[in-house]
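A.B. asks: I have a structure here, written as structure tokens, and I will follow up with some questions on it.
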Amino acid sequence: MAEEHACLVRARSDSEGSAKHSFGTMTYTEDRLSGTESGGGEPGNVSHTAASPPDHAADANESGELLDYNDSSVLEQFHEDALRQAGCGLSQGRVILAVGLAVAGASLELAAIPFILPSAEIELCILPHEKNWLVMISLVGGSIGSLGWGALAERLGRRRTLVSCLAVNAVFAAIAAFMPTYGTFMMARFCSATGSGGVVPAGCSYVGELVWRTLLAALAAAAALPQTGPSTLHENREHFSAWHRYLLLCTIPILASLVSLIWTPESPRYLLEVGREVDAMMVYQSLHRNNQFRLCGKAPVGAAADPEYRLGELALPGKRRPPALHHVRHSVKMVSLTYTQTLHTNNQFRLGELALPGKRRPPALHHVRHSVKMVSLTYTQTLHTNNQFRLGELALPGKRRPPALHHVRHSVKMFWQSFFQLFSSTYRNTTLSLGGILLFSMAIQYYLSSYIPATVVKMESDLFQASKRTIGNTTYTDVHYNTTMENVVYYNVTFQKCTMRDMLMSHVAFKNCSFYNVALSNIKTSYTTFEGCLFVNSTIIDTDMELGRELDAWSRLVGSVMRGMSGACARHADLAWRLAGLTAEHTYAAHAMLLAALLAMLPLNMRPTLALCVACVLLSPLVYISQSETALYVVEAAYRLLITIIFYTVGLNVIDSYPHNLRCSAHGLLVSVSLLGGAGVRGAGEAGAAPSAALLALAAAAAALCALQLRPRLNETNVVMNSHGGMLDVVLIQEIIGAPKTLVTASEGIVPLDAYHPALHIEIGVDHGFRSKRSVDTNLLTLVDYISSSLDRGRQVDVLYFDFRKAFDRVNNDALLRKLSKIGFSPSLLRLFADYLRDRQQFVRLGAYVSDTYNTCSGVSQGSILGPLLFLIMINDLPQVLVHARCLLYADDLKLYLEIKSERDSFALQQDIDAIYKWSVDNEMEFNPSKCFAMTFGRMRHPFNFEYHLNNTAITKSTAMKDLGVTFDRKLTFHDHMVSVAKQSYQRLGFVLRNCRDFRTDHTKKIVFNALVRSKLETSSCAWNPHESTYALLLEKVQKAFLRHLYKQEYGYYPYLYPTKFLLGCLGYNSLNVRRARDQLAIACKTVRGTIDAPDLLKELARFYVPDKYCRGKKHRLFAVPACRTVARAKSPIPRTLAVLNNLLDLNPTADLFADVWPKILSVCLKYCEINL
């Protein structure tokens, strides 16, 4: 009932519309019937039969613990599908907010430096050659931090790494605000930059969001910092000046990000990769629960009607309460049971008292002996226990604890191994190309961040020098100066009885001036000089002027007094700067960032990296042409716009190009290299306008060349191996770019062969794999019906199972191109496919080790969209060579079967075997004789034992065969298969109950049970549905054990004597027998309606009674059930289904299997099964 809707993990099925991979991996498909199905099994919630992974996956993991997989492609597909169902809303908003604040806080490491530099250089006495190190120390620290935190994010998780690096950044950023000296300040800034360096690698993999940062820095600086140089000098008189407060203000985004990360989960993709599937499912549920108000994706209101979004799988409904009568009965039963137990206990107690014989009191000596004996025994036992305990400690083998150096070596080895893997032959081109793009583009940005301010300062200095006033050959008497004196040159001027007090002197020069009876007090100077001046009876008190610095060696003091504090910093503070210029620069950059954030939403093909790099090349002449401050700021903003988009695009390329376990390491390495390049550019200094334009053009051209090398390579395939040596997945790194739309479809599924029938001359064959309207069920049902009908007639059936040797890897390219030409491919398409198939490069990744690439001369790309289609085209003409036998294909699994009446039929089957061998030789598709088997089905006492040969090699005979996950026996009873299914299901149930013990709700347990246990119990059950009660109950006991566990969790006591039907109705489940019967009826109805394309099944199912003159007045049934001689045939799938359909139509005469909507048909089928089974 309601429970059936709670199915987060869709049951993995090989049923309709599924695709079987030829490699050993669990199959994750989207199996839907039609209409408004939502994957349950109750009224109004109909679904197709759930299935388990393919048979070879089950063989590889007999323990039943299905979650121990390391298949990156399947996990990625599951992750994308789960995120699509969870939608986008509040949960993603929290992550974006947290990472956005983190990136903003980390970006302020560099954005804040130009604002604090004028104040810091005065207070900390920063010399000119030391100013550039304020920026370079942050770049070096960020480079080291990106390298380290990026590698840690692969092992600790994205969120945990982000919290750690933000904590380091916040702590040392706050410490830097209180540092009193240049050395300690630089050390704190280095540690803070080390923490901030990990934000981009971890944050981009966590959410991939772009945050524009410079506007935040400009607004904060305008609010907290002094606006001019004189105000800075005044501000620095305080112990905790404004720039210290500004640095503390810059830590607010970091602290806010740390707080907001409390409400964000760990990356579910990381949890899937490290094997924490249960935690990942809880994250998906949390995302969906918080995303009820959607920002993007489908709204919850319309999700139920949309077959692409199955709301029932994620919207966990409330528990179904048992009826009120159940509570009354249970209360009466418990009271009666308690009263009965009380009476029974009292009777036992009274009987015990009456039955006791008269007690004889022992003598006093006996008490003494007994006491001594007990004391002695207690002491002896204590000694014995201590000896045993000590012996046990000594007997334990000493555990050799590995030394600490071993852990250090292992950690260092794992750290460097991830970076070495980035430069293996697999990722070398990608790493070098992306690293070159990011290095040269960030070098452009950091060079502009140094060149533009320096050029503006030079322009302002020239204007400042041009506006300098010159006063000479005059005398000032009794003049009082108490305002700022700036940009003035006095020569041959005489000051008599003048007063200069409480003022600033900036860029003032006194040349050959005379001071008579002049009082100079409380004066601050900047670039002020007295050259060859004479001071007579004058006082210089409380100023920062000193002999040999402001007063040169040619100045003389006659009867004058000079008293003041000697400054500790031997430098001049430039008071001519203004904060308005920096604010304007960052305002232009902020507008560029806002525009970049909008352009970053465009698809990748609309903002190619190569075009952006070329635009940077074309923009470089403007650096030479621009002659005004505003023009330079606009050019810098344009560059920042392009570079920001490049940076964001490179981040997306890193996520797309590298596997999950290398993304953060790759991003950290690229950011580290780009920051080191920026530090080198900053340390090299600035050049003139023309050389700068040339350097920018050269760097942009180098980035364009790297982008050109990054173009997708069509012939590169990545073969992933697990630790046991089995092939898990073959992933096409780059799909065909620019191919016709008829060849490349959306990545949601495999291209069905049927889609090409109208345009190409492809004849529908007998293959049931990679085909719409066909599945594993149709393949097995066709074989089972043929065998059962033959056994019912007393005949035998010989079935031969063939296996191609490395089928997908040994497809001959020339033969495939010839077949493509025969079915109607044009010459241009043939040339495209020739380039696509030939000169392919493959490499193998085993854990952290990657092999060298090698060229392949055959095979189709597994895991790609075109691979299955090309393989089906290759083997599509195989059934045409057969004359006598029937053939069934499922991808690369081939079965030949024929009813054997005499030895002549065996010889005819051998001729067909020779024909398919000749076909394999002509098409260079080799069989593997060691994996080819023959099996005889029959109940005859003396069957025909014929030895079949494949190229003069005897085919091994078998008494049991596993075909597409179902074990066949020679009598077609499926007893061994049902026992094996029950055993494996019990193992999976134990795994679920052990690992779901700490779940807070029962809904999650139901989700895992439906996905892992019940899917195994229902795999292809339409072909082996048991009719014996023994085996039906054997399977039902698995679900009953789980229902009892749920009942105990919900009501607090274990239901020992409760009947199964009561538990099913109370907990909202249907019996497995009902579900299997429902699925058989569903397949039959869909076959008759044409939804399933199975001609052999349709021939057996479309048996209708035709009224004649003898039965016109009599009531007859719709379907004619074939006459069966044996019970096994009568209970086989087709006759059994036809009989149930007739009974269903008798129960519901108004039901129309052909005209009614599909959900109504399945609800009628389920209702009938619930009543009659």
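From the backbone N, Cα and C atoms, a Cβ is placed for every residue, glycine too.
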A.B. asks: Could you check which of 165-185, 690-710 is flagged in TrEMBL as transmembrane segment?
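C.D. replies: Of the candidate stretches, TrEMBL labels 165-185 as transmembrane segment.
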A.B. asks: Out of 133-153, 574-594, 616-636, 868-888, which range is noted as transmembrane segment by TrEMBL?
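C.D. replies: Comparing 133-153, 574-594, 616-636, 868-888 with TrEMBL, transmembrane segment matches 133-153.
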A.B. asks: Six or more residues beyond either end and a Cβ under 8 Å away: which residues meet both conditions relative to the transmembrane segment (165-185)?
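C.D. replies: Hits for the transmembrane segment (165-185): 102, 105-106, 109, 120, 124-126, 130, 145, 149, 191-199, 202, 244-245, 247-248, 250-251, 254-255, 257-258, 261.
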A.B. asks: Over the domain 'Reverse transcriptase' (732-968), work out the mean pLDDT and round it to an integer.
C.D. replies: 77
